[in-house]
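Peer 1: Below: one structure in structure tokens.
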């Protein structure tokens with residue numbers, strides 16, 4: 001693999017020499033940083049099994065190497081990378097996999113280690129969504145996830161990735177993560193804080209990542225991280241699990257933040273060692289039981305992961321003085337809910353008791369039951385999935401609901417050819433050789449739901465959302 005030139009400030013190199021364990025070679029560290037990052041993907045088990053995904057992609061000649069800490073994760077090598085971007089493959093467009101850096105799969109592996117099965121989880125800094133979607137897959141779309149993102153521009157990307165992966169158990173918020181300890185005390189079984197950091201571990205992806213690096217900046221970031229972990233710890237229930245992670249390498253933003261929390265709440269913080277998380281984890285193990293992953297150890301990004309347990313309650317923070325405002329939704333009454341469920345089933349949309357129907361004006365939504373305890377305590381940017389809009393003739397089913405809820409075995413399912421599927425993703429109407437019988441058609445490709453179409457004569461009217469329409473080269477290689 002070709003080398004690329006990474007910018008290293010002298011003070012950073014000095015700091016890394018001091019931080020690196022004697023068992024590791026500093027020259028190996030420098031050499032690893034100069035190598036471009038290996039591409040990696042995670043199979044979305046909400047949509048397909050790993051075995052079925054491997055069978056589906058076998059004809060492509062992709063080389064898929066298992067990632068030791070994530071059984072759904074693979075490093076990927078492709079001969080056709082220049083001809084077709086990974087994000088334009090049919091399997092990516094239909095949500096069968098997520099392009100995710102291997103080391104960023106570690107925090108969720110730690111969160112669910114040792115049989116941990118949380119029912120209400122918070123992802124404090126969630127965009128662009130790799131870890132939220134990984135958590136949802138581990139929970140099998142059950143329970144509830146609060147996915148928060150402070151950056152307004154990234155909330156939209158977060159929602160798009162959640163929708164593409166067919167996730168229904170997520171509520172989105174847009175706050176500074178420091179508010180949750182006061183706003184939602186002891187409300188979560190598990191919390192992931194993948195903290196904003198100095199990004200020292202990402203130089204293999206971005207050779208200029210350290211252009212603005214300074215020791216002073218590390219200290220400022222660490223101060224924010226301490227406030228974030230303190231807030232998250234307050235929001236965690238007694239007995240719950242907190243995973244703290246960064247994509248940086250200095251101790252100030254990593255071990256020191258966790259040690260500060262333990263010094264602050266000595267009787268409530270227990271470090272849970274990660275040496276048995278996967279075979280070979282001990283190569284990155286610190287004396288505290290954290291994983292401090294230098295890039296040469298597993299040939300991935302630099303990363304840090306710590307797992308903590310809250311052993312007892314801690315004094316509550318002052319109750320916030322802000323007003324949440326009126327919640328604009330109301331539960332759907334039983335009789336109407338039965339009608340909606342029957343109408344939805346007729347086009348192949350079904351859901352279980354983890355979701356409940358709510359309405360706002362002419363909109364019908366499905367919210368995860370596990371999030372209802374938070375209503376009135378925090379303002380949501382988006383909650384659950386929008387199922388339908390009502391109109392004179394019935395319901396206008398929404399694309400995100402089709403992707404999350406549709407069964408490809410429904411009698412109205414209509415399988416497209418590769419060329420027809422590509423036309424669909426380009427936002428064009430489809431003219432199949434043999435038109436389906438039903439008026440509302442569940443459009444599938446590779447036996448995966450990709451949308452809902454209206455049959456008008458021999459034409460399938462495209463309903464693919466305009467903001468998702470793709471240009472350029474797609475999977476049939478026709479631009």
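Cβ coordinates are placed from backbone N, Cα and C, and glycine is handled just like the others.
What Swiss-Prot shows for this protein is this:
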BINDING   125, 126, 127, 128, 129, 130, 131, 149, 176, 194  S-adenosyl-L-methionine binding site
ACT_SITE  247  active site, nucleophile
Peer 1: Show which residues of the chain containing residue 131 (S-adenosyl-L-methionine binding site), separated from it by at least 6 in sequence, have their CB under 8 Å from its CB.
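Peer 2: Long-range Cβ contacts: 104, 107, 108, 123, 192, 194.
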Peer 1: Look up residue 131 (S-adenosyl-L-methionine binding site) in the DSSP assignment and reduce it to helix, strand or coil.
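Peer 2: Going by the DSSP assignment, residue 131 (S-adenosyl-L-methionine binding site) falls within a helical segment, counted as helix.
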Peer 1: Could you tell me which of these recorded positions, 125, 127, 247, has the fewest other Cβ atoms within 10 Å of its Cβ?
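Peer 2: Relative to the other recorded positions in 125, 127, 247, 125 has the fewest Cβ atoms within 10 Å.
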Peer 1: Taking the Cβ of residue 129 (S-adenosyl-L-methionine binding site) as centre, how many other Cβ atoms lie within 10 Å?
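Peer 2: Neighbour count, Cβ to Cβ under the 10 Å cut-off: 26.
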Peer 1: Write out the long-range same-chain contacts of residue 176 (S-adenosyl-L-methionine binding site), meaning residues 6 or more apart in sequence whose Cβ is under 8 Å from its Cβ.
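Peer 2: In sequence order, 150 meet the Cβ cut-off.
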Peer 1: Helix, strand or coil for residue 125 (S-adenosyl-L-methionine binding site)? Use DSSP.
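Peer 2: The residue in question, residue 125 (S-adenosyl-L-methionine binding site), is coil (DSSP, three-state).
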Peer 1: Please report the Cα separation of the residue listed as 'active site, nucleophile' and residue 125 (S-adenosyl-L-methionine binding site) in Å, rounded to an integer.
Peer 2: 13
